[in-house]
Amino acid sequence: MCGIIGAVSTRNITDILLEGLRQLEYRGYDSAGIAVINNQNNLQLIRKLGKVNILAEAVKHNSLHGGTGVAHTRWATHGNLTEINAHPHISSNIIVVHNGIIENFQSLRQKLFKKGYTCVSDTDTEIIAHLVHFEQYQQGGKLEKIIKMIIPQLSGNYSIVIMDCLNPELLVAVRSGSPLIIGCGVGENFIASDQRALLQVTSRFIFLEDGDIAEITKTTIKIWNKIGQIVERPETLSKINNNEELYQKKNNFCHYMKKEIFEQPLVIKNTIESHINYGMITMAELGPDINILFSKIKHIKIIACGTSYHSAMVSRYWLEELAELPCDVEIASEFIYRQSIVQKNSLLITISQSGETADTLSALRLAKKMGYLGSLTICNIASSTIVRESDLVLITNAGIEIGVASTKTFTTQLTLLLIFVAYIVRLRKMNNILEKNIIEALANLPNRIEKILLLDNYIKKLAQAFINKEHALYLGRGTLYPIAMEGALKLKEISYIHAEAYAAGELKHGPLALVDETMPVIIIASNNKFLDKIKLNIEEVRIRGGQLYIFAEQNICLTKSNEMKIISLPNVEELVAPILFTIPMQMLAYHIALIKGTNVDQPRNLAKCVTVE
Ligand code: G6P
């Protein structure tokens, strides 16, 4: 959360910083700010509440100019959403942008107050600027040395970039928990929270590691590790290719989310094709020795957050039912703060769209010390921290996802997880037919999804009935229970309607009390072993007057009634049903949000990449 960009160049870097901020806006969009040092070493600073385009508009009217600068897009943690709390923060000649949290900022603030510093903002960031300024005033010396002195005083996870008007030839950056990447140019260098912000100027990157301090000038990059030794970090060429650029265009869609929903047949196909060779599943990217490791697995632990947690939940059903492997699934933020027991020969799997989620990353780091067989991540961003720190990596081929609410990254996670399960089943020689069935079911999936996408107008009409609703209930069973959870999460995220998901069997243990003629109840009905039980749930809701929205395979026979809307979906193999049923859940949430006029791609208070705890 929060996006940082900085540049040292001979050219005017204002537009580069603004374009970088646009690319980083998925990390937070409460406010944005830019600071550029001009040729006379004067600071030009503009901060604005709201989105980057508001800042860009203000910059246009103030003609900023200079070769050294930093910029920031904020997702607030300390201090209200106000202009004064927007970054960059300054203390005289010192300018700071920051991503993360300084946990002990209150006590530092008091100490600084005694030394004569009064904070004008409520942020934890401003104290960093004052600390640097104080030490510089007391000790003098190079900026990088001063920063090394103040780091032991800061606790928390953070990344910071610092600029000094008295020495505008350089930027100093610190990575301590939150990601920072140096972009290498010719006669100019850059730094940002992620590569995307810098692809406009370079494709050569250096990934800072935790504890690193970097001093960046136009022509030099010096890095010290956490014990103060000068280190060489490898320069890598960006793996983000031209296809990724395609994913960044909205084309004719009015929202990225809609475009990403409609891209699912393609990206699911891509994910399948990259793992099937001559009619068999391949995990070639895991290396030649993978079967030795996989054959030792007796248990799987999956850790994730948000939507990724829901794909973990679905895969538990698959792993236990199909591969007969015991599996536990846990939310990362719970895992990191409890004493858990590692099962014998357990493989750790993390699932993360971004590969930067702070809780999932902490869980991975903790788990690596706990004695798991190894760590596998399922991720959409090949250059992310979680990918770099995992032993084994499976990449979903979803392309960049820009809408904050995950759609295509979720269904490609599910696709890849099913492929992984089929591979494990083959390895354990349990069932030769299953791999064939899974490949066949997956091959048919993109076409079936296309058919669901044709229901767009119909779902749009249904959505009308939700606009004055404050609550909704989602019900599903088996692998479709996590899909009900995902449907409810989508509705909450983008339409701000409170939605709860229940395993349908739990209906009479509480949520039925909420059902009356005003309550929409969304039920996922598949032609599986639960069908009769789901029909009972439908009846329980119907006789209490609940407004039923039943998403059902077309071969299911349901007794219709006035209170009931049946959304008929293509028949689907049970194995891939969770992937298929996700699509109408996304479409429903999208259309409700659209009618309500919320910001679909950037819902309030949320961010795509949660790099703080
Ligand atoms: C945020 C996003 C969600 C996402 C979750 C986990 O909350 O808004 O869409 O599911 O983070 O993110 P990850 O990148 O780890 O999948």
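In case you wondered, yes, glycine gets a Cβ from its N, Cα and C as well.
Note: C2 (active site, nucleophile) has non-local neighbours R27, G28, H72, T73, R74, W75, H87, H98, N99, G100, S193, T611, i.e. same-chain residues 6+ apart with C-beta under 8 A of its own C-beta. Secondary structure from DSSP puts C2 (active site, nucleophile) in coil. Annotated active site, nucleophile per TrEMBL: C2, in sequence order.
According to its DSSP assignment, K608 (active site, for Fru-6P isomerization activity) is coil. Residues annotated as active site, for Fru-6P isomerization activity in TrEMBL: K608.
Taken from TrEMBL, the feature domain 'Glutamine amidotransferase type-2' applies to 2-219. In the predicted structure, the domain 'Glutamine amidotransferase type-2' (2-219) carries a mean pLDDT of 95.
Annotated domain 'SIS' per TrEMBL: 290-430 (among others), in sequence order.
Look at TrEMBL and you will find 462-603 (among others) tagged as domain 'SIS'.
Under the heading domain 'FHA', TrEMBL lists 473-536.
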Just jot down the residues in the same chain as K608 (active site, for Fru-6P isomerization activity), at least 6 apart in sequence, with C-beta under 8 A of its C-beta; none if empty.
Y26, R27, S354, E401, I402, V404
